[in-house]
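Undergrad: Take this structure, written in structure tokens, and hold onto it; I'll ask about it next.
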Amino acid sequence: YTYARVWIPDPEEVWKSAELLKDYKAADSVLHLQLEDGKDLEYKLDPKTKNLPHLRNPDILVGENDLTALSYLHEPAVLHNLKVRFIDSKLIYTYCGIVLVAINPYETLPIYGADIINAYSGQNMGDMDPHIFAVAEEAYKQMARDERNQSIIVSGESGAGKTVSAKYAMRYFATVSGSASEANVEEKVLASNPIMEAIGNAKTTRNDNSSRFGKYIEIGFDKRYHIIGANMRTYLLEKSRVVFQADDERNYHIFYQLCAASRFPELKALKLGSANDFHYTKQGRNPAIDGVDDAKEMSTTRQAFTLLGINESYQMGLFQVLAAILHLGNVEVKDRDADSSIIPPNNGHLLTFCELMGVTYQDMSHWLCHKKLKTTSETYIKPVPKLQAINARDALAKHIYAKLFNWIVDHVNKALHTTVKQHSFIGVLDIYGFETFEINSFEQFCINYANEKLQQQFNMHVFKLEQEEYMKEQIPWTLIDFYDNQPCINLIEAKMGVLDLLDEECKMPKGSDDSWAQKLYNTHLKTCALFEKPRMSNKAFIIQHFADKVEYQCEGFLEKNKDTVNEEQIRVLKASKFDLLVELFQDEEKATSPTGAPTGKRTVLSVKPDKSRQGQASKEHKKTVGLQFRNSLQLLMETLNATTPHYVRCIKPNDYKHAFTFDPKRAVQQLRACGVLETIRISAAGFPSRWTYQEFFSRYRVLMKQKDVLPDKKLTCKNVLEKLVQDPDKYQFGKTKIFFRAGQVAYLEKLRADKLRAACIRIQKTIRCWLARKKYLRMKGAAVTVQRYVRGHQARCLAKFLRRTRAAVVVQKFQRMHVQRSRYRRMQAAALAVQCILRAYMARQRYKLVREHRAVIIQKTVRGWLARQWYKRTLAAVVRLQCCVRRMRARRELKKLKIEARSVEHFKKLNIGMENKIMQLQRRVDEQNKENRLISERLMGLESSHAAEGERLRAELSRLRSAEDDAKSNANRVTTLLEELARLRKELETTRSEKKVIEDWAETYRDEMEQMVAELKEQNGLLKSEKDDLNRLIQEQNLQMTAIQEETQQLETDLNEERSRYQNLLTEHLRLEERYDDLKEEITLSMPGHRRTDSTHSSNESEYTYNSETLIGCGQDALRNILGRLEGNLDMSLFLKLQKRVTELEQEKQSLQNELDRREEQFQRARARVTCGPAELEYESLKRQELESENKKLKHDLGEMRQSLSGSAGATSAAPGSPAYKVLLDQLNASCEELEVRKEEVLILRSQLVSQKEAMQHKVSQSESPNPDYHRLNEDGELWLVYEGLKETNRLLETQLQAQRRSHENEVEVLRGELQSIKEENNRQQQLLAQNLQLPPEARIEASLQHEITRLTNENLDLMEQLEKQDRTVRKLKKQLKVFAKKIGELEGSLRCRTVDEPIRPVNIPRREKDFQGMLEYKKEDELKLVKNLILELKPRGVAVNLIPGLPAYILFMCLRHADYVNDDQKVRTLLTSTINSIKKVLKKRGDDFETVSFWLSNTCRFLHCLKQYSGDEQFMKFNTTKQNDHCLSNFDLAEYRQVLSDLAIQIYQQLIKCMENILQPMIVSGMLEHETIQGVSGVKPTGLRKRTSSIADEGTYTLDSILRQLNSFHSIMCQHGTDPELIKQVVKQQFYIIGAVTLNNLLLRKDMCSWSKGMQIRYNVSQLEEWLRDKNLMNCGAKETLEPLIQAAQLLQVKKKTDEDAEAICSMCNALSTAQIVKVLNLYTPVNEFEERVAVTFIRTIQSRLRDRMESPQLLMDTKMIYPVTFPFNPSSLALETIQIPGSLNLTFLTRV
């Protein structure tokens, strides 16, 4: 037992979990435990009983849907399981065997919508999570299956949610069963709820909408189990609440609703005001409820009254009575004396009360303060004191309200009553639960008495079910001791019981509560163990109920049991003039309970008094409240015992109305009181855990060895269980199940967990070993690698060291050698230098001797001679030069003198101033003399100094000559040094210059860099600003694009919604049409003597008229809406282009029409001028030839242009130099050349005309006639005719020339415009290029790509428009050419016949060989046979297999073509009408056959495509061949019928989807969820009493293969029928949506399916579906996207769910799931094995906080009924109609090929 977990009692939490630290031994009196918070505890055992604490279930079993699935069944296990489900998983429903436990969440949950109802409809109770809808579905199913009435008993204390549970149960019945008539009975049943809540519910301290009465509603059903009516019984209305409310409580809702609506004009007469103004509504001091609008609730109540047939006058009467009660409560009573009281005169509230009630003020004021006493002989009127008067007033108010309550209940029953015979019913009992307060009175006594009866019935039913289960499985039945509360019931209702003694005391004249208490003590205190007397009181008693001991206070029991009212006050009210009040009290004497509940069978809905029973009624009126309640309770128990009961126990989790807050103390009290724990105890006493053999084998297969597995699963389970559990009493083997004692499943789970844990440990050991070995091998390899590299490095280092050592030795060797050699060379040089110096000295000595004696003498003599020779030559040259200069000057002077000598004037001028000049010359001579003397003196000084200097120089010269010899010895050395110095100086200068250059360059570079940096900074700033602007523009464009995308998505959504709405309207129309046909058939069958006509042609005309008009009208409107929405869905630029293109096409059409009209007029004029002569014929011939040549030329040009355009693919297709541009230039040049040729021809013709005119004038001038007649120039006027013909030809040529000139000018203008646009485009490209160059590379590439894509798109659109325009132009010109050629041919023929006098010969018309035109001719009377053989009696399977797809559609269209060919509109109309109606009849008859529906869907679509393909519209003809275009319809436009056929195809498609859904629906849940495609991944957990569908594939169980086979069947059938591929894609998309939606919805409603292993199963199943799509080439049909929510839900089950990063990943991953769905999956996540962990509540809250901003629908489930709107894209057929052969098997021999 060590480490076992147990439950120990706790005063705060009731039970607390602990873990056993020390093994328990039998003699131990103390258990050593450790609590969950880590504290150690010594738990003392009871020394008497030695009872051990309860064991705790394994965590794997906690949170189960059914409490009976728990292995240990006891109170703490039940409480803990409910708490975990309620707090952690937010699940309010839990099964406990046959009981549904519902915990009030005090919060609105989205689990009651129509989608949830549809999800639970038709499901087994154990297959889905616990829900009130599951209980309702079980009751409804058992009623239909067992044909036995059912009851749903909803109980619980106030505030537990009984009323809401009963309301939702009734809503489920109303929604699922529907109504058998058009009276909407289910709406009336639901409408009774707001009425009963208004008059019977009130706010208490425990509940804001507490039911203060019990009710039992029987919902009646007919044989088809449709609701036909209902009946309501009420029990024990709390009348005291009318006059008294405790603090923080309210009166009944209706009073506050009236006060809130008092401002309404129709309620002004009631003189009401605020609720605080009235005594009966202000005692609780809190008249408002948070979140409730009383005025709005008042309007809801009035609407419910109206729906139930209570008209406005009755409603105002009810409100008048209720207002009178409020005013009555405000009537003030004052003391007159000690024994009497009085009401002040003219009391305003009493006056209002009397006015509203129609009674006299005096009578009412009198009897409120007096009472009448009767004796045997006299009658006394006695005043009453104030307290009694107030009590009488309150009793009257309670009595009036009770009567009003009964009246409303009667009228509700009357409204819900039906005349149709009731086949069965389901009763819903909403009754109070066991109650115990500090002060318990008569009401609590009656309530607990009723709960004792219900608990007895519940115990017997549970005991009975247990016994049936044991008998069914043939298990030995042992009596189970369970609590029988019959003694307690006997104490209350038996003879001399509490109620009997109470009634007896009420009959006593002086009976009192004290005397009654004494009788109780005397009777039961010593005889009954269940009855006790309190120690400190003599006015109370205690009864031991099944749930708890309750102490009742005797005060007030007699008064409440009698329920007395002053009869005189009643008599005053009966005398009222108010009709409704009289109606309330006219059956006063009838035997009714104080709350209006009948004592017999059903309430008689008659308002007239029954005179025959007045005597009996007077006696019945004396019945006490207790007796009547006992009788009504007995009737209720008889009803419940006659039905199959279903139990719903409502639990109130806390007293503070806090959402999802669990108080264990309050929960345990209610669990004990409602019988849940008794159910657990009964189950635990026997074999509570039950497993089928297959489930046991699947779950505990891991405990078996391979040799233990036998083919017989039952025998295998027996053998294994005998080995695992040694005690045979712990289990029993039944026929289909194994029964286990309590705790055995936990033991088996422990063995399984241990085995799995051991396996996990072994797997972990192996994996860890493998990982460690891999790690070791990696480390070993890494170590070897490191060693290798280290050793290599060391070897390299050693080699390097050796190499360096060797190199050092070599270096040392050479270094030493170099040192020695240098030393040797220095020594050698020194020796040589010494030798050199010595030898030089010796040589100088010898040289000096030679020089002094010989060389000097020779040199002196030679140099003297040479100097003298040079002097002589120089002197002779100087003298000669002087002579020449002087001679030249003398000659010049002589010449001047000769000239002067000749001039006298010259001498005169010379003589003027001669004296001055002489004086000046004298003075100058003196100055010259003086300067000469100075110069001579200086010369003398210089000569003396020169002589001295000469001497000194001679001495110096001799010294230098002596030193010269020394200098010469060092000459070489000095020269070398000088050269070296010069070189160094030169290098220095070079270096300086280079340095200077470098410095200059550096300075310049620095300046340039600074300037460049400044410029770059400036450019950077500009680029940043441009970048910001561009980013802003990009953001704006992104916002615009986002807005456009959102708008586009919205428009697409609107379009799909509009399509869906239109198709839903078609569906509704089809339903109404079918109903109309059914009613018409019923009427036809009900008419005697009427014989039906042939079914193939009954009322075709009327049906078509009705259908076609409505459908065509609807279709046109819807088509306009769709086109309008589609218009907004397009890109605006593209839309504007298309709109402009449409306008151009319209203009072009108009211009062509005008041209055609003009040509026709010309043709008519030409025809009128037929007799004018041969010139016109020549003109027509010429014109035809020109047109033919022009047509050929245009064809040629068009061909070249098409080739160039088709060959050009890129941005340069319209640029200069491109092929298209060259073709346009060539055409322009050719046109210009042709224009020049035409001009030359015109000039030639004009010259000929002028010459002819001159010749004519010349002839005229020769003529003598003054008025020549040109018509008679010759005999037959030929010259005049020639002249006129030339003039006409000239005019025609001029006209054509002008037209061609205009056309060519237009072409030139167009080409100029194109050139201009090309220039603009070029400029724009350059601008964009300049802009892009400024952008960064990434943005530049992106911008250029975006621009290029935009430009290419626009150019492609323009080119496509041009090409289409040219195609249309050529096509129209061809047609016009054919027409004109035909007309010209006819004109020539007629002219030839008229002009030629030869006899007319018959024309040989060449006959074409007879060819089939693709038409089928039939007679009018064969139409019925055609429809019958081709539609009504056609078997799709034979046609689909043996014949071409769509053959019936082709045959029908070929017949239609012939009717169009012969222009028979009646035949066309009747054929189409018969076809449509016959298809509808076939679908109505065989609409559940998928093959039939698919066949006619394919043929209807093919027929619709044929109508489009051969309609003659250009948009449908462009895919046709020439032959197919010839087969187009020529006389009728069937566009309206195309809309009718499109609507019919939509209806067939929806019928196909419904048929397919009906086939797939049973397979989806079993194949996608329940079946284990991967066996052994998930084991089956214990399920308890509510067994779910087994996940093991048995016979008849659907698997994933079943779904895939069915999908293959659907696909192959549609392909065989030739269904359009696009339509197949839409069908497959719808199929996958249904699969995904149904699977996800079931996953969200099944806690047992939300596990990791199930997520893996789902993902595998989805992958198989995707593989199927891939095999069928349907991956792009959108089917995979419909499975995205299911895929994300499966991923959510498998991902990690712990940290905030996991939450972020989940939020980003699950974008296809709503927040509610994500939270639901996380709440439902359940570990299947102990190794999995539950999702923490904090993690779920984190997910909710992160997803709070999502804008999405709060709907939990997907809409499985949603059908995508279908479209039928045009799919032309390539099959030629003339090639179709009609097989003989169709019996259509009456059709004739045309």
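Each residue, glycine too, has its Cβ placed from N, Cα and C.
Just so you know, TrEMBL annotations never went through curation; they're auto-generated.
From TrEMBL, for reference:
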BINDING   GLY156, GLU157, SER158, GLY159, ALA160, GLY161, LYS162, THR163  ATP binding site
COILED    911-938  coiled coil
COILED    967-1082  coiled coil
COILED    1135-1245  coiled coil
COILED    1283-1383  coiled coil
DOMAIN    1-53  domain 'Myosin N-terminal SH3-like'
DOMAIN    62-753  domain 'Myosin motor'
DOMAIN    1473-1749  domain 'Dilute'
REGION    591-621  region 'Disordered'
REGION    633-655  region 'Actin-binding'
Undergrad: Minimum Cβ neighbour count within 10 Å among the binding-site residues SER158, THR163: which residue?
TA: SER158
Undergrad: Would you mind listing the long-range same-chain contacts of the region 'Actin-binding' (633-655), meaning Cβ under 8 Å and 6+ residues beyond its ends?
TA: 82, 86, 96, 98-106, 132, 135, 138-139, 142, 146, 148-162, 165, 169, 205-206, 216, 233, 235, 427, 429, 433, 449-450, 453-454, 457-458, 461, 599-601, 661-663, 666-667, 670-671, 674-676
Undergrad: From the centroid of the CB atoms of GLY156, GLU157, SER158, GLY159, ALA160, GLY161, LYS162, THR163, the recorded ATP site, which same-chain residues not already listed sit within 8 A by their CB, in sequence order?
TA: ASN104, ARG206, ASN207, SER210, SER211, GLY433, CYS650, LYS652
Undergrad: Would you mind listing the long-range same-chain contacts of the coiled coil (911-938), meaning Cβ under 8 Å and 6+ residues beyond its ends?
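TA: Those are none; the list is empty.
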Undergrad: Around GLU157 (ATP binding site), how many other C-beta atoms are within 10 angstroms of its C-beta?
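TA: Result for GLU157 (ATP binding site): 23 neighbouring Cβ atoms inside 10 Å.
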Undergrad: Please give me the CB contact count at 10 A for ALA160 (ATP binding site), counting all chains in the structure.
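TA: Around ALA160 (ATP binding site), other Cβ atoms within 10 Å: 26.
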Undergrad: I'd like the per-state residue tally for the domain 'Myosin N-terminal SH3-like' (1-53) from DSSP, helix first, then strand, then coil.
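TA: In the domain 'Myosin N-terminal SH3-like' (1-53), the DSSP-based counts are 0 helix, 24 strand, 29 coil.
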Undergrad: Ranked by the number of other Cβ atoms within 10 Å of their own Cβ, which of the binding-site residues GLY156, GLY159, GLY161 ranks first?
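TA: Comparing the binding-site residues GLY156, GLY159, GLY161, the most crowded Cβ belongs to GLY156.
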Undergrad: Can you break down the region 'Actin-binding' (633-655) into helix, strand and coil residue counts using DSSP?
TA: 9 helix, 8 strand, 6 coil
Undergrad: My understanding is the cutoff is Cβ-Cβ under 8 Å with a sequence separation of 6 or more in the same chain; which residues meet that for LYS162 (ATP binding site)?
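TA: Non-local contacts for LYS162 (ATP binding site): VAL154, SER155, GLY156, SER211, ASP430, ILE431, TYR432, GLY433, CYS650.
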